[in-house]
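Participant: First the structure, then my questions, so here it is.
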4 protein chains.
Amino acid sequence: MAGNSFGKLFNLTTFGESHGTALGGIIDGCPSGLTLDIEAIQKELNRRKPGQSEIVTQRKEPDTVQFLSGIFEGKTTGTSIGFIIENANQKSKDYSHIKDVYRPSHADYTYDQKYGIRDYRGGGRSSARETACRVVAGAIAKQLLKDVKIHAFVSSVGDIFLEKPYQELDFNLIESNIVRCPDEAVAERMINRIKEIRKEGDTIGGTVTCVIQNVPAGLGEPVFDKLHAELGKAMLSINAVKGFEYGSGFCGAKMKGSEHNDIFNADGSTKTNLSGGVQGGISNGMDIYFRVAFKPVATIMQNQETIDSEGHVVEMHGKGRHDPCVVPRAVPIVEAMAALVIADYLLQNKVTKL
Amino acid sequence: MAGNSFGKLFNLTTFGESHGTALGGIIDGCPSGLTLDIEAIQKELNRRKPGQSEIVTQRKEPDTVQFLSGIFEGKTTGTSIGFIIENANQKSKDYSHIKDVYRPSHADYTYDQKYGIRDYRGGGRSSARETACRVVAGAIAKQLLKDVKIHAFVSSVGDIFLEKPYQELDFNLIESNIVRCPDEAVAERMINRIKEIRKEGDTIGGTVTCVIQNVPAGLGEPVFDKLHAELGKAMLSINAVKGFEYGSGFCGAKMKGSEHNDIFNADGSTKTNLSGGVQGGISNGMDIYFRVAFKPVATIMQNQETIDSEGHVVEMHGKGRHDPCVVPRAVPIVEAMAALVIADYLLQNKVTKL
Amino acid sequence: MAGNSFGKLFNLTTFGESHGTALGGIIDGCPSGLTLDIEAIQKELNRRKPGQSEIVTQRKEPDTVQFLSGIFEGKTTGTSIGFIIENANQKSKDYSHIKDVYRPSHADYTYDQKYGIRDYRGGGRSSARETACRVVAGAIAKQLLKDVKIHAFVSSVGDIFLEKPYQELDFNLIESNIVRCPDEAVAERMINRIKEIRKEGDTIGGTVTCVIQNVPAGLGEPVFDKLHAELGKAMLSINAVKGFEYGSGFCGAKMKGSEHNDIFNADGSTKTNLSGGVQGGISNGMDIYFRVAFKPVATIMQNQETIDSEGHVVEMHGKGRHDPCVVPRAVPIVEAMAALVIADYLLQNKVTKL
Amino acid sequence: MAGNSFGKLFNLTTFGESHGTALGGIIDGCPSGLTLDIEAIQKELNRRKPGQSEIVTQRKEPDTVQFLSGIFEGKTTGTSIGFIIENANQKSKDYSHIKDVYRPSHADYTYDQKYGIRDYRGGGRSSARETACRVVAGAIAKQLLKDVKIHAFVSSVGDIFLEKPYQELDFNLIESNIVRCPDEAVAERMINRIKEIRKEGDTIGGTVTCVIQNVPAGLGEPVFDKLHAELGKAMLSINAVKGFEYGSGFCGAKMKGSEHNDIFNADGSTKTNLSGGVQGGISNGMDIYFRVAFKPVATIMQNQETIDSEGHVVEMHGKGRHDPCVVPRAVPIVEAMAALVIADYLLQNKVTKL
């Protein structure tokens, strides 16, 4: 109820502050009998973790997941799966300077307004460090999905766009560069842009595109819980996200029906896919694809004017080790949330028909 | 669970097919003691109903809401509010031609894939007629919101955009024209565009922008149930929606942190509002604004090739009375869903602090 | 959230006051493709309805259910099923005498304390009339259950007990008498007792026993949602219920482990069944049986002292047409709630194993 | 969904097997600003823990709770509270003898039927060890309740009953003896009875009574989520519980309305309290009291015939260190569950009225 749970049948509840003892979560509803590849889970966490390359924050966190329950002799037992990730590198003293200061475009002010108290160390619960738990659960969901393949990649950094349609991309190249863009030339430009920005003590936004393939037709629930509505919520719940579009998206709003309609082939597939794999909130068996907009990270290494908790104007200067651009590390998070949504609907679909 | 409910504390569950006996819903969780203005509720329904102007479908439906429970001597009693809207003008024979045909970019195919059966008359449950129930509940939510003001308007039709920032608009003009664009000159161009498109037997997409004012700081729940994530889900659940962005949105993804950060005034308000009134998923007291993309209506009055349920290719021609552009009628639906989200978070916020 | 919904996957939400326009509900999550026997549903309603025999209230209500959605050509479509039952015989004037009076052991006082307002006509939402909607949904659940058989019957009225173990009863006799006790001799004594009590202007309590047969092993969820815990909640939510026990029940609390343990047969069945068909919250394939205690109806045809809403002591005399004993009409309600619980767990069980 | 969560607004989700690495849970929805007395929480855990006296299991577990999040500088922050309890004394080898054997009246068989796999060590998830997490959350709920006082005590062991009505008891005596019965003479008989039973290698059932005082009128939600229905579910979800009754309970089913009705005093209190503090599912401000029946522990130190997972009949003899009677340790669990229910309804009640 208080916002720390996601999913109906494959449910994740998480806890943990950026600089507390540990983060963690409980996965409730994972079917029994799934042989878990723990190494693959850790590998997903490593794709998200800080310090992985020169264009992300240089904070060092091992981000090692420990499973405490729900797994027996390598298999899920159907009972709740508890896990924790210890916060190794807390360095709380780094954050004393923001104890009474509201950082611009962070959640310091709103948490104080909402709760009357906040763990100010590193953003506390509002820190994107929380997403590590999503990646753990998403990695398990991925193993449940089997044939369904989820590929996210960076499709823009600032005004540098990957223009090619996703059908022309080789998803095997996503992990071949540190920005996670499956086009070497564009990736290089993105990387250079991020390095420039970092030198300026600034940050920059970007977009992540995600493609989900081999989803059977029939997933999603009509009316309020449409497949794309839940995907949209999942993505918008990731820190720094400002927008979501699927299929034709905002471009579709400029089109005519005669241009936009996807004409069927005899087998039920469609000749075009402006629908983005979803019609009436339910998957139609075509690729599902969507795009997620991330704002620039709010912490910049420049002087900014702001206020303290008493309303005094103060000057602040960003400290600590922060990402100049969030999208390279957001890729596994987008995939994880997509996996959670699809896994949930796959389970829900088992009770749809007699 | 099966997708027909929305909201946690202010909860709406709906039922009803386009051509069944009636649509209706249950609102559970409306606080007791609210004096309801029933006329105001019907007025919202009238803003959504077919046949209201020359640029919308000419179908005739009175769309009169009848309340069956939960209201006593003009006030809510705290018990569940049941209501129905009868389907007066069903004309089921109009739809026999689509009994075995899957209309392109409609939900016919996906419903059949999901359920193995579908009420094919007028799209059945997948029809946007379902949104009438949302408007009823949203109108009640609006009455609960008191000072919070929600204004949606058409911000584009095809490639005709209302370029002015919302701060320069007079929301009183929204209802002054049939397209619901608060700028007379732009509205006229939009109306003409829709008339042209209708003559072509085609349809066109558009966008709706919504501004929510006087929201107290502190609404929204962190992590998965961020205020904008729930707003996004609410909007994406409306028929024909392809995208959602709030605050800086997709433009924000091109910006630098030094440009994007909203600097505080001493009173906690911000000098700019690229955040769109939400920071870390929680309202900060500034205006909340977002934009919703609607695809062109799939039913066009032109010949289209499609398939029947046995996979045979057939020629079909749109029949019936359909909207050439959905956005004028979508305005009250967007407002209704926004009202439901805000009302729910207002209630949730009552249990946040000791 | 506000208490008008029951069930996770097979979900019922209801509305309606005793003397409002209509009662009704929405069933969300009924799988598609179920051929509904509407007559059988009405038959269950008739078992609950007032005026059915000389030992129940003589109020006349046709209690005819009308389905508004979710059914097409005789089958469920998988979309939400809306239904209403009109209140034909409202006679609101009968209730003006209790407008400002709190009837002893009714919910008048507590509703006023909770909501600050109440629909005083016939108890409003607190009336057991609400259970008609449960019977509708339970009747649909029964049709989903197929082989699972649910039989409830009256096992005591006051101090007249049906002593035989359920295994010795012929469930076909339940409907053979108006008190619904499957033993003619005991039934006759019960009926006479109720007639006596009615003559005294008094009321009397009783118990209903329920046996659920052919439940497959494996239903129920561990920890908080144990099968018997949910059954218990379902029964305790019925008006006038004061207690619930299953299997050995309160007698089990006097026993030794060596007496109480159910020893297995080679096929997994057990030689005894003190467990009541549930072990660790999960069905084991044996008969599930439980007993539900109902207090005497609070409205009596005698003078009682009570208070009005201003705290003045007043004399009141029961009016209207009330049941002298609730258990004969409670039998179909107990069965309906049991059916809802089992149907829900059958669906939940489809997502348990890989 | 899969049964490991309890509560709507004050929500607890738990994980952990008897012999896994750790048990734990997440409390979501605890309001911010509550100063937590951590010592008091540990004290409640100590009331439940094994080895605390000579009449309970002699297993040694420190049962120390560690909080990982949601608390900052001694206060709750409003974010999710994660906690773990390590399993110190796992002794897994003790359980190899039951790897392929289904213990009578345990959940071994049903877990295997449900999940196709089970962690057989010490009962795995079905072990009552799981209730330690409930005690942690309940102890926090208690601190939220302030004036509301919850007292549970042992009211019977086998056929030894505490006959006095609760109004004549001194709750301060509950912790003065190891069986937790607030009457020294009866307590001594109970203790002797348990010692005898243990010597026989047997176990015995019992009941726990619980009294909740100072509950404000108005708590509970009508229809399905009646206060006593939720209390009933909470209690029935505790391991080994077979029955629940509140107020007059099963005795009420033998009474007449003229005897059972609680007549009002001018201040809204009632002269008698057969209702048990709840009318129409909503608290009326009087004491809430109920009784919970526990069966005898299934593990006995005697030879029993049973079957293995292949259906072969085998002889087994209880091993390990088990409770001869569960009720002394059940007292804090009953209180914890009651506290969770009341805390949740207190929060729910904040959104009831305008």
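The backbone N, Cα and C atoms fix where each Cβ goes, glycine too.
Automatic prediction, not curation, is the source of TrEMBL annotations.
According to TrEMBL, the protein carries these features:
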BINDING   C:ARG48  NADP(+) binding site
BINDING   C:ARG125, C:SER126, C:SER127, C:ASN239, C:ALA240, C:GLY280, C:LYS295, C:PRO296, C:VAL297, C:ALA298, C:THR299, C:ARG321  FMN binding site
Participant: Which of the binding-site residues C:ARG48, C:ARG125, C:SER127, C:ALA240, C:LYS295, C:VAL297 have a Cβ lying under 8 Å from any Cβ of chain D?
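Facilitator: The answer, in sequence order, is C:ARG125, C:LYS295, C:VAL297.
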Participant: Chain A sits near which of the binding-site residues C:ARG48, C:ARG125, C:ALA240, C:LYS295, C:VAL297, C:THR299, counting only a Cβ gap under 8 Å?
Facilitator: none
Participant: Less than 8 Å, Cβ to Cβ, versus chain B; work out which of the binding-site residues C:ARG48, C:ARG125, C:LYS295, C:VAL297 satisfy that and list them by sequence.
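Facilitator: Sorted by position along the sequence, the hits are C:ARG125.
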Participant: How many other Cβ atoms are found within 10 Å of the Cβ atom of C:THR299 (FMN binding site), counting all protein chains shown?
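Facilitator: Within a 10 Å radius of the Cβ of C:THR299 (FMN binding site) lie 25 other Cβ atoms.
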Participant: To see if you understand the setup: which same-chain residues, six or more apart in sequence, place their Cβ under 8 Å from that of C:ALA240 (FMN binding site)?
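Facilitator: C:ALA240 (FMN binding site) has long-range Cβ partners C:ALA128, C:PHE294, C:LYS295, C:VAL297, C:VAL326, C:ALA330.
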Participant: Please give me the binding-site residues out of C:ARG125, C:SER127, C:THR299 that lie within 10 Å of the residue listed as 'NADP(+) binding site', comparing Cα atoms only.
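Facilitator: Close binding-site residues: none.
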Participant: So for C:ARG125 (FMN binding site), how many other CB atoms are inside 10 Å of its CB?
Facilitator: 30
Participant: Considering each pair of residues in C:ARG125, C:SER126, C:SER127, C:ASN239, C:ALA240, C:GLY280, C:LYS295, C:PRO296, C:VAL297, C:ALA298, C:THR299, C:ARG321, all listed as binding FMN, report the largest CA to CA distance in Å, no decimals.
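Facilitator: Across C:ARG125, C:SER126, C:SER127, C:ASN239, C:ALA240, C:GLY280, C:LYS295, C:PRO296, C:VAL297, C:ALA298, C:THR299, C:ARG321, the two farthest Cα atoms sit 44 Å apart.
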Participant: If you count CB neighbours within 10 Å, which one among the binding-site residues C:ARG48, C:LYS295 has the smallest count?
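Facilitator: Minimum Cβ neighbour count within 10 Å, taken over the binding-site residues C:ARG48, C:LYS295, occurs at C:ARG48.
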Participant: Are there residues of the same chain, six or more positions away from C:SER127 (FMN binding site), whose CB falls under 8 angstroms from its CB, and which are they?
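Facilitator: Residues satisfying the criterion: C:GLU17, C:SER18, C:ASN239.
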Participant: Over all shown protein chains, what is the count of other CB atoms within 10 A of the CB belonging to C:VAL297 (FMN binding site)?
Facilitator: 27
Participant: If H, G and I count as helix, E and B as strand, and all else as coil, what does DSSP give for C:ARG48 (NADP(+) binding site)?
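Facilitator: Helix, per DSSP.
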